[in-house]
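Everything on this sheet refers to the single structure shown next.
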């Protein structure tokens, strides 16, 4: 890097930016009046300027700090302003937080006055996310030419750069949205703590639990400890409230409602009034006056550890012989079945009869009513939706209480109000049966419920807790025992739901406001996720808003209920919770509009309907070259040698379970097994290979069958490995680079047999196919554009369709919310390219057990760096399960790619029969490739079309007739030396469900199998187009049990050599994926493998040449060396040639020379003609 960057004005962020620019090789100079800041700048290596004009002299970019609009005239337009010394091509970067309108007016004046044409604004702040904590983030905007000019400087001075092309002011607009969220989060945090204190719960207990739960936000986690410790003073209020006032002023100009922010602003105004102007008053005292509580006294009360208390109580738990369980909904079913797996005798009841059947199949007992399941139980678990249902199952007709034996305990895990739990305990005591109640609301979701990994907040008498302790312990990963008796557990859950509900509504308000400001909502989401304005719910729910996908992972009506509990409790306790009650009204409005059963993120529709904005953020297609050039340079050291050394230390065999045959796209000299008996696997392990593949073809199966298959293979791998000494292995699930396939079913199946791993790794990058992952978004290259995967035809796959292109969101989508997007870790391209393998290893080792981590990559070097870091982590004892595309495998074993394989490389150039091309894939890319094949090469092929309608939808007789007709004709054509194309007809027939679509696919694929099986001529080579097609042909039609991957026929197109046991041993088998290559890729491969034309005359050769099939040359030859040279060149170009024996040469070489020409023509792999004295003497073909 070279060039000088000027600074006008310095602050702490400016110093960080200057340090980064210096590290990047730039020189920096600055004008600043404060000596302390200038001294720091000089220590970094900067140069001091003594006037504004001097700061702008000779600079490539001038960074101008403007903290107030009044500074503009002096700095920009004054007599000795910084602009006086500027060169015409200097770009001005406004480092500012002033309003967008002021920035836009300034840019307009600068352009109109001719002072500069390149102006960008930059909002600079330090990130707070785990990945970027403390790193500089820059949000810049401006015209396209100005952004391009400023990009190198902005990129050098920031860890994360966001650019908005268009008018300036985007940075300032983003700041307005972040301040909106920070203001709402602040008041929500104070309301939550105040409600908890009023409910008698220790505020530090509330903080400890919720800071690790769904109600958390950055503000809550970082502000509440300061508030409780008395470190925040009254003087904080007025400046903060002033910022919120500016946001509200902007909303007023835009006629945009911000009810939550307006409420937060009023609460801050009330706090300012009650503080009486004493700047040193602890802010906690101010809020205590607002809410009528005594937070400071509660915070200073004796603290306890609720997890330790739980451990102490469960250690003294009483034996439980029989458990009743009422409410087998999504959560309840998981909890009840986990208790069954944990060897408890569980009898369950639910009003939905099919659920009872499922529970019985899972090993549980079933009852006919709440009364029935309560007979003889030690513990009864109630997991129903609300208080009304709890009341009904306990005290209604055939209710549970009447049947419960004396001394039984009830665990109430529903989300209900603390008041209800308190009165319920009194009623149970009045029953005179020594019935005990445990208040134990749960959190964690359906998957965690089924795995016994819930978070449970339990409260009750010691005796009740000891009676229920074994059940609570079995169901929970985190068990908290809250002091205060029944009601305290529901109190903590209520406070969490207050925060969670407000944060969802606040996210909706913020994103809708951002859309009204004209910001890219997807970019805004990413920015806020890295800032102090984020929350757990923001990161989890906003992706649903961006995708306009309101599949109900958690229904909107749940918050109508839960915030209704908050509203009743605050009324009962006479505590004014303005922001919570307004959030409640927003959810009620959403429910009234008919969205109650949709996802709770649907509350954003309230804003969209009122204002006409759309939060949905469609990912744009990007210019490939621009994006790739914008990334940091690759890691400078090729890690391949290190990978080889690490693999020698690691000594693990990589076993790749390939869901179709196309996964061998990047490897060579590796074996593929198409059957996985223990005997075959033992034989393979004894060879101690670095890697081998098992072709599962599971993509052609239903999810249920794929799960069974993966478990079967993993069981056999375990058994085989035990039979071979000193063998260890790592399993990789090779899947589709366009994200189709059985996820998460296959990884779930694998870990159920192999055991839990430290993390699932997802890396769908595949260079040869044009699949790139950048900033967690997966792209498919289309010519010079990068198209988000969710916007391609692959995302519309009938069996494996999806919506999300962001891999974090894709994981949440495919797991139906079980793995939230916010919990998915990511290895960025920046980390790969700046930190190298060691940084990868460090990040992988820091992941929590059971994490999911995605890998960004755009080059083979990126993938190799990741692979090296992963092996380092494995050597430190970490274990991973990778779901990857093909590129990861070759990187992981350190394979160096080689040139495409041609027929002559395998010694089959003189084989006489035709080649067989079978096309089963129906994706649009394949259809285009087939059209191009017909257009450019059709005159050299015989084409046969198998009717999809006949083989998949008609009678078995018509199906048989179609199969026999095709096979017989193909046999004839191949024997006649004709390359033969067999393809399914192009109409796409889909079923009503994914399973029906897979069944239709199976019928089509099995028909093609039968066609190939019945072909009687051995082909010269076989090309199978489509993953399912190629698998079925190899295993079923050709009966191959193993094959060797020789290499690739073209980049990304595997070439196998079939095993000796197959019907055609040694025949080259080209596995052509359905989704790889441009429109000409298929014709390119077919041409390179095609049998030479059978041409009988000079006229025929010249006519075909005229059609564009090839070029043809005529060459005078005088000796044997000349003949050999012409033959070699013709074979290399795969074009016919004419050998001309000049009369003079005939006199010298005579009959011997002519005989040499004839012999060469007979042996050549292309058509050659021999001419004497320019008159045709003889035509000899390779036939």
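For all residues, glycine too, the Cβ spot is worked out from N, Cα and C.
The annotation domain '6-phosphogluconate dehydrogenase NADP-binding' is assigned in TrEMBL to 5-162 (among others).
According to TrEMBL, the domain '3-hydroxyisobutyrate dehydrogenase-like NAD-binding' annotation covers 169-281 (among others).
Taken from TrEMBL, the feature domain '6-phosphogluconate dehydrogenase NADP-binding' applies to 322-481 (among others). On the 0 to 100 pLDDT scale, the model's mean across the domain '6-phosphogluconate dehydrogenase NADP-binding' (322-481) is 95.
As annotated by TrEMBL, domain '3-hydroxyisobutyrate dehydrogenase-like NAD-binding' applies to 487-607 (among others).
Annotation comment: TrEMBL describes 654-891 as domain 'Four-carbon acid sugar kinase N-terminal'.
Residues or ranges marked as domain 'Four-carbon acid sugar kinase nucleotide binding' in TrEMBL: 916-1082.
Note on the domain '3-hydroxyisobutyrate dehydrogenase-like NAD-binding' (487-607): DSSP counts are 93 helix, 3 strand, 25 coil.
Put simply, of 169-281, 322-481, 487-607, 654-891, the stretch with the most CB pairs closer than 8 A to the domain '6-phosphogluconate dehydrogenase NADP-binding' (5-162) is 169-281. Across the domain '3-hydroxyisobutyrate dehydrogenase-like NAD-binding' (169-281), DSSP assigns 84 helix, 2 strand, 27 coil.
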